[in-house]
Amino acid sequence: MGKDIEVGTEYAPKDYQDPPPAPLIDPEELGKWSFYRAIIAEFIATLLFLYITVLTVIGYKSQIDPDHNGEQCGGVGILGIAWAFGGMIFVLVYCTAGISGGHINPAVTFGLFLARKVSLVRAIMYMLAQCLGAICGCGLVKAFQKAYYVKYGGGANTLNDGYSTGTGLGAEIIGTFVLVYTVFAATDPKRNARDSHVPVLAPLPIGFAVFMVHLATIPVTGTGINPARSFGAAVIYGKEKAWDDQWIFWVGPFIGAAIAAFYHQFILRAGAVKALGSFRSNA
């Protein structure tokens, strides 16, 4: 009687080569339907994102309003709001990743542009679509619940009392760094090739990153980390308070995205070392 031999499965990493960087200007993509389809996908995704999340914020504020017999411990709470933002990002990135890459955020698009993952034209068009989608999403919320929308601040981002401008800016920079760094890590083709035997659902860690950042920074800025989200809410809400610190929700996320792109591409992926080696070999 022979021994039973347990045969283990050995996983060999796939062959991998870095994809070529996206051209700064790519005239060819302007003639492709896939380019315009991706722009539409970014518009619709950002519209849905703002519609669901702003409704959640307004619903929570109405549930704790003493004028409506609300209680401070009622409603979904900060945890529920964070889940709404993180959950929607998970769902929408899953739905649109194969069409547009599932950015849904100008800061993410900016970081990927700096890393030469998308062209300048695509980056600009994505950002415009995202901002327009955010405006339309907030417009739908206001159309359905106008009284609540105005009374409870329209989901607009503002620097909360007790926090300095520097603190708010720092919170937005760090929060966006966490998000964009997660995007780079979750979508890194080298990692997917090396760990091909490990199933990785990229939208999941990205959604969790959004969830965790919201838990940390809602008390500070209401959590922007997405310029389109902050801009769309400010446009539809239309009150001066929503515009007072609007620059924080653009400058902070863009700085955070730039740092994440540099860290991933030049530190973790050793882009600077590769470039120097290539320069020396050609010298």
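Numbering starts at 1 and runs along the chain as it is shown here.
Heads up, the Cβ atoms here are built off N, Cα and C, so glycines get one too.
No curator has checked TrEMBL annotations; they are predicted automatically.
Here is what TrEMBL records for this protein:
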type	residues	note
COMPBIAS	1-17	compositional bias 'Basic and acidic residues'
REGION	1-21	region 'Disordered'
TRANSMEM	39-60	transmembrane segment
TRANSMEM	80-102	transmembrane segment
TRANSMEM	123-144	transmembrane segment
TRANSMEM	164-186	transmembrane segment
TRANSMEM	198-220	transmembrane segment
TRANSMEM	247-268	transmembrane segment
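Taking residue pairs at least 6 apart in sequence, the transmembrane segment (247-268) and the transmembrane segment (198-220) share fewer than three C-beta contacts under 8 angstroms. The highest tally of CB pairs under 8 A with the transmembrane segment (80-102), across 39-60, 123-144, 247-268, is held by 39-60.
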